[in-house]
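As recorded in TrEMBL:
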type	residues	note
COMPBIAS	391-404	compositional bias 'Low complexity'
COMPBIAS	405-414	compositional bias 'Gly residues'
COMPBIAS	415-426	compositional bias 'Low complexity'
COMPBIAS	435-448	compositional bias 'Polar residues'
DOMAIN	32-98	domain 'YDG'
DOMAIN	109-173	domain 'YDG'
DOMAIN	186-250	domain 'YDG'
DOMAIN	263-342	domain 'MBG'
REGION	377-457	region 'Disordered'
Amino acid sequence: RALSGFNSLTLSDSDYTLTGATGSMTVNPLAVTLTGSQTYNGTTTAQGSNLTVSNQIVGDTVTVGGSATLASAHAGNRALSGFNSLTLSDSDYTLTGATGSMTVNPLAVTLTGSQTYNGTTTAQGSNLTVSNQIVGDTVTVGGSATLASAHVGSRALSGFNSLTLSDSDYTLTGASGSMTVNPLAVTLTGSQTYNGTTTAQGSNLTVSNLIEGDSVTVGGTAAMAGKVVGNQQLTALGGLSLSNADYTLSGGTGSLAVVPAALTITAANQTVTAGTPYVLSGYTTSGLFGSDTVSSLTETLPGGATSTLPQTPAGSYVITAFNATGSGLSNYNIAYQPGVLTINPLPAISVQQLPANGEHSNASSFSTPVIAFNQGASTFNPPAPSGTSGGAETEGTATHNAPAGNGGNGGIGNSKGETSSGVVQTGSGGGSSGNLQLARQSGEQMTGSPYPDNRYVGDAIQFMTQ
């Protein structure tokens, strides 16, 4: 550059003068001093666009391009080197001899993650990750943030100041993020009465891991591993429904306590006639399910007998039932109900004593069955058939006619028939053969002596016709 305005110059030696002086000067470019900042990006590259010329002359505008090298990639004030890759927009400035530094600012994190519904708006940092994390870096999030809502869905995060980051190259200042709140897989428990199936009714189930303050109604049905009484695991939850979307059956587990059903077994009311042995039997059930059965039952009378004897008196007896056996009965609480055994008496029998030396031919006058005998053993003929005369019998000094058959007359005949101290006869003349039963114990004669054949109540005497 040519020089002018020499009069403003001075010379230190009077042997020289500025009058008529000439000259020129070379103006060298200014070596820049660069400063700037950029966000941590995991590299040592300083972008020129992030640098300014801090010693720029007022009025000048110098734009920096290209890139330089940082002494370190990490957050902090980092010296610049490698200026030769930079460019300057003003030739009055040079990179030769340039100096500078750059502040690497930590990267504001973008957080994402998910957690299971827990009824609160607290987002646990352990459930969050840094989605804009630089490849090769590892950033652990701690503490907690705040969710916009506690319920299931994608919820915006706020309150980052309660979080922590394990890497200082990242910052929560200016952070953003969201969290997906997933529904809580239910744990189901409950109980239901045995019903012979493997179907668990949802109405019998509750959510045991229910969050305080929530309400969840279970509907539909599930499948159980077994049907018998006991704790049965739930094996298929797909048929169930939940009333609260913050809970899910996916991944759910559960069990159901199957409790015994009520089974009532009632001894049947039974009626028999006195004198005939009878084995107790018969019952009804109420409450059996499916293929379960009662195959046998013990029934007893007072005293423990399971049957009547010939000499069991007429009357009403309580039948006690117990000890049922069958299939599937361990699934029931059995209640036994008693029955009643009614023993009806036989028709009354009157006792007629025959004279030792007399006849008793007016059998047709007997209005009820009788026991007719002499004062001593005798052979007594049975009634004659209809239309015939009765036979006669003689035993010692006792002689009497047998009763006449229907329409016949008593008469004298051969001694045939059954030998007995007492013979049961029908009233009104008798006449036909058949089995007759005593209505009361007749183990003694009128005289008090035992019958030779030891008859008991209910013994049958076979009458024969001649």
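Just so it is clear, glycine is given a Cβ too, placed from its N, Cα and C backbone atoms.
Annotations in TrEMBL come from automatic prediction, not curation.
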Quiz item: Using DSSP, how many residues of the domain 'YDG' (32-98) fall into helix, strand and coil, respectively?
Solution: 6 helix, 36 strand, 25 coil
Quiz item: If you average the pLDDT over the domain 'YDG' (32-98), what number do you get?
Solution: 96
Exercise. Count the residues of the domain 'MBG' (263-342) that DSSP assigns to helix (H, G, I), to strand (E, B) and to coil, and report the three numbers in that order.
Key: 3 helix, 46 strand, 31 coil
